[in-house]
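Asker: From Swiss-Prot, for reference:
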{"type": "TRANSMEM", "residues": "17-37", "note": "transmembrane segment"}
{"type": "TRANSMEM", "residues": "57-77", "note": "transmembrane segment"}
{"type": "TRANSMEM", "residues": "89-109", "note": "transmembrane segment"}
{"type": "TRANSMEM", "residues": "118-138", "note": "transmembrane segment"}
{"type": "TRANSMEM", "residues": "173-193", "note": "transmembrane segment"}
{"type": "TRANSMEM", "residues": "201-221", "note": "transmembrane segment"}
{"type": "TRANSMEM", "residues": "237-257", "note": "transmembrane segment"}
Amino acid sequence: MLQFPQFDPVALRLGPLAIHWYGLMYLLAFAFVYLLGRYRIKRGQGGNLTYKDLEDLIFYSVLGVVLGGRLGYVLFYKPGYYLSHPLEIAFLWEGGMSFHGGLIGVILVMLLFARKKGVSFFTISDFIAPLIPLGLGAGRLGNFINGELWGRPSDLPWAMVFPQSGSMLPRHPSQLYELGLEGLVLFALLWWFSSKPRPSGQVSAMFLMGYGAFRFLVEFTREPDNFLGLLAGGMSMGQWLSLPMFLGGLVLFVLTARRSSRQP
């Protein structure tokens, strides 16, 4: 059994300015996306996208993540509460974001961006998909440093006591599982897969399948939200949202493979 290390929530102090670890992780996430995006454009893997296009895409994607993530949390996790307290939807500083909602927000941004550029949606999504996992990993590291989103009780040797959980039960460090699978492993998989020419849409399909599968598996070790618990079939909300994500990616992968095989 391991003891959760108590981190100072402030990573860096610059006079009166305090930079928190969680905010620093978000900055790192977008820095990863920007630097890797520039690299892909330089390698000719961004079609006719320019560095300016990348900057615009990141800026609007941030808005999509924040707005979509917040609305996704409201609709997927606490619709009844926010129906009674609608003004609190805007209270972002109180926490409450959904990855799946943020993904929907980014998809809408990419649809509008592709239309503006006069290119296909998959030109944009295939370009951006390999850039996302390291950003996701940075976010999960921020969750771990904050001591939040801990796992279910476990007797494994690396199980960890999270004082913020309100008990002294050793638990899965599920944030680190997600950092490893949804961050590092998925990044390596997509970076390798996208390094060679693929049918349009297949890199996006691999992202949907990879994230959906990894998130579904890790949810078996992650403590369910206390206000929801487990839902139908003994699955968590995260699993129910990840299942259609995986299946959608699988269907897209098969369709793009068939379409490619028919082309001379």
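Each Cβ is built from the backbone N, Cα and C atoms, and glycine gets one as well.
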Asker: Thinking of Cβ pairs under 8 Å, which stretch from 17-37, 118-138, 201-221, 237-257 has the most of them with the transmembrane segment (57-77)?
Answerer: 17-37
Asker: Quick one: find which recorded stretch in 17-37, 89-109, 118-138, 173-193, 237-257 has the most Cβ pairs under 8 Å with the transmembrane segment (201-221).
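Answerer: It is 237-257, which has the most Cβ pairs under 8 Å.
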Asker: Counting only pairs at least 6 apart in sequence, do the transmembrane segment (118-138) and the transmembrane segment (17-37) share 3+ Cβ pairs under 8 Å?
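Answerer: Judged by the Cβ rule, the two regions touch, with the required three close pairs present.
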Asker: Go through the chain and flag residues at least 6 beyond the ends of the transmembrane segment (173-193) whose CB is under 8 A from any CB in it; none is fine as an answer.
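Answerer: Contacts of the transmembrane segment (173-193) (Cβ under 8 Å, skipping residues fewer than 6 from its ends): 2, 129-130, 133-134, 136-138, 140-141, 143-144, 148-152, 158-160, 202-203, 206-207, 210-211, 214-215, 217-218, 221-223.
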